[in-house]
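Peer 1: According to TrEMBL, the feature domain 'Metallo-beta-lactamase' maps to B:17-211. Among the features that TrEMBL reports, substrate binding site is placed at B:363, B:364, B:365, B:366, B:367.
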């Protein structure tokens, strides 16, 4: 292999979530981000999805750093699992480190991990690669893009970004530094594609602040407002609106309490003294003087808002006349759970402010729209381009945008996770790939739930199962105890006695009529029973439950 | 009971789907619509949801008619199951009857069902109740609203509607008749609420025709266009755009073929001669001369479009440069499956025209927006109002709209399915209810899948199961054959041998250490085994599979 520079993803391409990108120059490997992803409903029972890091484990001694662009789940959620497999120094900004530390504590990893604080002005030398950074805007503070200087040229990774030209807390993006990097020449750009389908330019987070303030002025009872805890700027704007309307604030939900406390400690939030009250104080106060900031804006069934909507939150209740604000937009797939919560809040008599796609002005996206993506491409003017963070159609649309601003079509690579882009003496080729895929976390197990288990779960979930236990004599193959049949998830047992009787009779006759060559082979006999019962059940019910015959040989 | 007029829903309130409304005056019962509903992902393995019609079965001899407002699934899908339980004369318009007949044929019910053709000018006498009708616009032709004349006053049921003032095929709604009914005085209005969240006035179906024509003029390869088969006006507009651009049409997907053939036979479609070609002819023709109209716009995994997107449709393929148009908007819950298909079509190199909320102009809703709902309320000026067809928030918003046009707040009833509104001498009361609920169809079973079965399916789907079979002597309680353990959907079996060994040892020790009082009671022994194994598995895996111990007594 004469390749010196190699770039690839272990997660984040053709998907939203579980981001992980790798930049390698000769023997130096740098990893960008280590996110997790939530399973969709087809992955029954899976808790979390993380990356297959086989390649990194095989080159363990070459991995110089994990650099984390920002503190969202899809960029930090896999870190504890990653660090358990290989101890790598972690570099991130202050808030990002604060959020990573929360995770490491939970997993008992804090003491053994080397954490290094960086900011937009840092330079990190990692062997032949050196990393510099530029600040970006996003829906969490303290986000970085990265420019990797390599002997082959500069590789830029945008992280998640938008251009917010009037950011909250004057948290400006490093527009000039981006321009400088672009002017010096970018060999390869990796840029996020989440909103490649949305035309125009995203709105500033400040717009949300204005709408929140208006709603607070109009509200009569208590105010409940739900947003992502990590959207610290939005939380700050809620605090300001509360102060303006003489309301105290209670925080509900574990992540809200944790993240606000980290952000406050690290100076990202400005909370007036005596502003925060405890949940148990809420119902003792005049409703006009309270704001509850809570988790659950995506309809998560165990989060605060969901429990409030069914009157199942121990200390706090929603009363008729209270206002509930969704400062959020449902992520695709969550629409139904969110609607269910809205319905329940209406049932409690609340005034609910919700809407999709920013209709209420209570939410703006943290990701660049099409004109912003073109702006980034124009600033960086890369020779090569890999659209990242997006499903296929978004990558394709981002490719078309890159072409429109002058990147050569054959210099744009829509990759799969694991596809390696090798660049040598200015020429890029995609001809090889490394292992990549989904690793499922279920309970304590990492990777022990795979295709077979999921296929069985799916079958069980749709048709249930039927177990038949029969004991036979090892000696003469005669039936010792009559078949015993039970089912789960198939039909309601009390209604199915007739059917079970039929099944048991069929099992007996199948055994009795079996040729001796079948009867004495336990697996053949089981197979014959399974086939016969399957046929009977399908005729009777048009269903195909999993059938599990047990033969006890005595 | 001194009530004479009673109105209630057996489906369609607090939900979208499985519509069924009942109007009763003394001994005369009339049923409006008999729809089905597709289960959401929580109803594992359920094929279809229909109504609980206990009340109607108990008053079988009083049910005079089933009147069907239009031919959509959520208004006709339950008819075969209903008619199997009680043979009632069915009244509907021509196209609606045509679509009902398709269902009845499939279920072998056509011969024994009395079908009566009605139109906007019909009057149907049903004992003390007489029904007249008014034509409405919707996303299927031949829709009716109903005005029931009863001795107590007029009850109006809108069916599904919008106001399309420039309808395709000059298929105008009976605006004047609605005004006339309203002027004479409406006691009670039941009006649909599907789009109660959408401000303004919906667009005319003609808008879609214009956009389709534009896209056809620009397309270069083959054109694939997907829409609901029952949207006959849209199909007509596609036919016209195809004719204009010299393209022949192939129909893919069973429902597309069936519905187009019914609509064509009954004169609802105007298809030029030689326009239709067979699927197998598609790839033999110049791509510029073909349009494929196909099912699957909602991402249904077995429908034509899904199979085309993965190159799994036997006779037809999507080639690079072909255009695929989604003349549809994803129904909430279908977004992900639709996105997956779009991604796959892009992978095949197709140009894909898609968008949400009418962004592409290729879809308009068939349901009234807020200003149209207010227009209906204003035309009818009812004394009492029941918002129907909608989830709770939509009903609540519709209630607020009714108040805004002058209906008294206490005269508006947000009901649940089964809640009865009794009206006697002009006074309405909601104090009683009849049985109502979801009946699940699974294979041949109607109603045999209930809470217990679904709870088991859910548990099995998330954690799988573990079966332990052990045989014991009836005489002295000693173990005859060692425990045999298998699992499904829990952990990959080959990796779990150590764990199973541990389980088996635990079972043996649990039996041996059991007090004789436990050991000789099979259920107590099973319980003890279950508890012990559960604890072990949770410690080892943090999962709780279903544990099923079998004890064979010899």
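Including glycine, each Cβ sits where the backbone N, Cα and C put it.
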Peer 1: Can you check what DSSP calls residue B:366 (substrate binding site), collapsed to helix, strand or coil?
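Peer 2: Residue B:366 (substrate binding site) sits in coil per DSSP, no helix or strand.
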Peer 1: Just to confirm: which same-chain residues, 6+ apart in sequence, have a Cβ under 8 Å from the Cβ of residue B:366 (substrate binding site)?
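Peer 2: Residue B:366 (substrate binding site) has long-range Cβ partners B:137, B:138, B:139, B:140, B:160, B:162, B:231.
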Peer 1: Within 10 Å of its Cβ, which one of these binding-site residues (B:363, B:367) has the largest number of other Cβ atoms?
Peer 2: B:363
Peer 1: Fewest other C-beta atoms within 10 angstroms of its own C-beta: which of the binding-site residues B:364, B:365 fits that?
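Peer 2: Sparsest of the binding-site residues B:364, B:365 by Cβ contacts within 10 Å: B:365.
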Peer 1: Limited to the domain 'Metallo-beta-lactamase' (B:17-211), I'd like the whole-number average of pLDDT.
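Peer 2: Over the domain 'Metallo-beta-lactamase' (B:17-211), the predicted model scores a mean pLDDT of 96.
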